[in-house]
């Protein structure tokens, strides 16, 4: 289940400079700006900061611009949330301490402590899983005692390969630029592909930009790598992949409750299940302090591998010696890679989680007899495939917004209304009345209904179709209703981004029909014949139209020698996987799967086209902002000003 953790920042020092109230306020301002423009750049900061009450009356936009120009001279550079916080501190320091060079340095330069044990473990994992990759063979194995890892990730190739190890098939490797010498454009393409694909598998990359990876920023690189490895290690921690986990259901529980657990919680439940059978009387609630003495590991290994069991480990009093003995036992199961005795004693949460996940993979100790898994459970986990895909899409999209609460299961985690209020506040800043919101943990059911009633109220204000829908429907976890609500929310967000880009030319609101017509005109202008009648046009299944659209907005992004005619199912699938990777490579943040294109999922087709349109208009907007006053900008805004529904309408 989800849990409230507050606004977290990767740099502890930076976190300590703000209260949670301040962080929440600044995060809301940052994401409202991102929602409005599609991304936040240095040029957006002065007007945003000038409106904050901290600086109101102290600095005007020009003064803030002058201050920021010293540390952030490239006004077109994309800004992530942590950079936004640092920019805030840079301006704040001028208001209270003058302009000393010491202060300027102290507020813009930070030291991030790197956990060498974690780095060594991640390097070991990479060396093990990518050692057969032809393009990386000359660089592997990586020496964990050096900074070679941070240099090797700069072109994005290693991270793309690692993502495909974690979730096979996420990236079409034909889309990766792999030649030995990459130009800046090709390198940025790889990094965009990497980060957008990481978001699509569930990584939180709110504070990481392509420039951070290109510069090999150690703490951000390690944070991203751990998330990717974690997703790989926890991939089987669900009833669909491992139905034998049904053994963990207790007498007073039902299977749905087990299905709603986050993978980490399910891993802890699995661990406690075996510890209880082995006679261990304590409850392990975390992967840090509860395992520091090594005692729980000793019991767990004795239960999982009785052929290697020994009571000598439990008789050892010194924690370090016991930890060493535990790892000697684990090594017999080939499970030592992530951990050293020091990591156990010091309670390294990341490495201990990885270690336990590895134990689960190698020896889960559950029944191998499929006949013991009830038919009702099998039917429950084999739910409607389209429903499962949509849940996955909306879950990763919600997490990509930088919400305070990480969502592991949409159908369970949104039922208290808090997560939905948080997401609504991101996409429609100011819409939520937080004074009337109930913060988790929420034990009283009527408090959950209050939250969900406010969710429905805001949805109606945003003109969502919510006839005969009330808050208790969300609390009860009505899947059909939840998916319909989230679809409208996702659609609203994309249309708002497009409208904000277009509002600079004072045009009317963009509609779905406008997106379809824009796409058709773009393709037609290149001299190609493909046209889409609607977003449920079955001809879209061969992928040609979207590849031609991608090529129309950026000619060099599609390698046509890799494109098939899409006549067979295999060819269509190849085109579909290539489309998704090319769009992400271009810079589109999308969460659909190849199956959505093959089946022409109407909703996902709209979002794909809208994402490409957003990227295209954003490039035109950036171009427009750099042209001189005596330059005719009509060519830049032509596609925007000509939007019309005259030549068609959307069936969505």
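Keep in mind that glycine also has a Cβ here, set from the backbone N, Cα and C atoms.
Summarising the annotation, TrEMBL assigns domain 'Calponin-homology (CH)' to 116-233 (among others).
Annotation source TrEMBL lists domain 'Calponin-homology (CH)' at 261-364 (among others). DSSP assignment over the domain 'Calponin-homology (CH)' (261-364) gives 68 helix, 0 strand, 36 coil.
Mean pLDDT of the predicted structure over the domain 'Calponin-homology (CH)' (388-494): 93. The domain 'Calponin-homology (CH)' annotation in TrEMBL covers 388-494 (among others).
Annotated domain 'Calponin-homology (CH)' per TrEMBL: 509-617 (among others), in sequence order.
As annotated by TrEMBL, region 'Disordered' applies to 623-652.
Feature annotation from TrEMBL assigns compositional bias 'Polar residues' to 640-652.
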In the domain 'Calponin-homology (CH)' (116-233), how many residues does DSSP assign to helix, to strand and to coil?
76 helix, 0 strand, 42 coil
Please work out the helix, strand and coil residue numbers for the domain 'Calponin-homology (CH)' (388-494) from the DSSP assignment.
68 helix, 0 strand, 39 coil
